[in-house]
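Worksheet: one structure, shown below.
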Amino acid sequence: MSKKKESSELPLRMEGEREDVQERQTITKDYYSSRPKTFDTMLGGYTQVHDPDIQESSQLIQTLMKQFSGKLGSSYCLELGCGIGRVTKSLLSRYFDHIDINDLLEEYCQQTRALFEENDEKDKIGQAFVGSIGNLQLENFPKYDVIWAQWVLGYLNGDDLVQLLRKLKSTLKKNGLIVIKDNCVANGQEPEFDPDDQYYVRTGEQFYDIAHRAGLTVIKDQRSKLKQIVRELLPIRIFVLAVK
Ligand SMILES: C[S@@+](CC[C@H](N)C(=O)[O-])C[C@H]1O[C@@H](n2cnc3c(N)ncnc32)[C@H](O)[C@@H]1O
């Protein structure tokens, strides 16, 4: 696999990575829409990861709420790449009054909203932003206490991700946080790219660099325990970002 150092000065691509953003998105869309709308698809075939994933993230949110007691609000969350609402329903709806959702696939946003309609919790889901995180049109005012991005940011290249984070920054409330839970290659390893769905797996260093370029600072960097449960998984890290 040909490798690149991801930066704006070295715009080399990984093997199988499409240059054209639209083409890249079409491959991603085809990848998901040709698969069943299940946790298995959301979790790359490892459904058994769901419960421990939610438990671990739940502990993280509780820790953050305690750590920033009185400062971190719980009224509005934005979830990027919500998929079929796995995290929305099992995690975020327990901690936030309202959740705005985003996904590339309209059917996923619909399915996520439907989870709450069934249970007469219609107000839980606010706006649904259908489309790529790279094209998110958000109103530029502080709204979100937390922005949650799990296994989705690898669909953007580094420069586009910096742009996105800058945009998100302006929608965070004072003391608001961005949580990224993502695959992250082990220290000293090269980034990876999955041509099947066009997903880029960054190094920790790249996440730090991107956060810094976006004017954000990493206030928590936690290694997920999920790999201890399913050894085949790539290492997973949770970064909590705050405005500098
Ligand atoms: C691996 S799934 C994870 C879903 C969810 N975050 C979870 O953990 O269950 C990745 C999700 O990202 C969505 N996605 C892919 N490319 C995207 C993009 N450019 N913008 C927004 N969502 C995207 C896919 O449709 C899919 O729902």
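Cβ coordinates are placed from backbone N, Cα and C, and glycine is handled just like the others.
All annotation found in TrEMBL is predicted automatically rather than curated by experts.
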Given that TrEMBL assigns G81, R86 to the S-adenosyl-L-methionine site, pick the one from Q22, Q25, Q150, Q163 that the record assigns to that site as well.
Q150
Would you count the other CB atoms within 10 A of the CB of Q150 (S-adenosyl-L-methionine binding site), including those on all shown protein chains?
23
Report the residues of the chain - excluding G81, R86, Q150 - with C-beta within 8 Å of the mean position of the site's C-beta atoms, for the recorded S-adenosyl-L-methionine site, in sequence order.
M42, E79, L80, C82, G83, V87, T88, W148, W151, V152
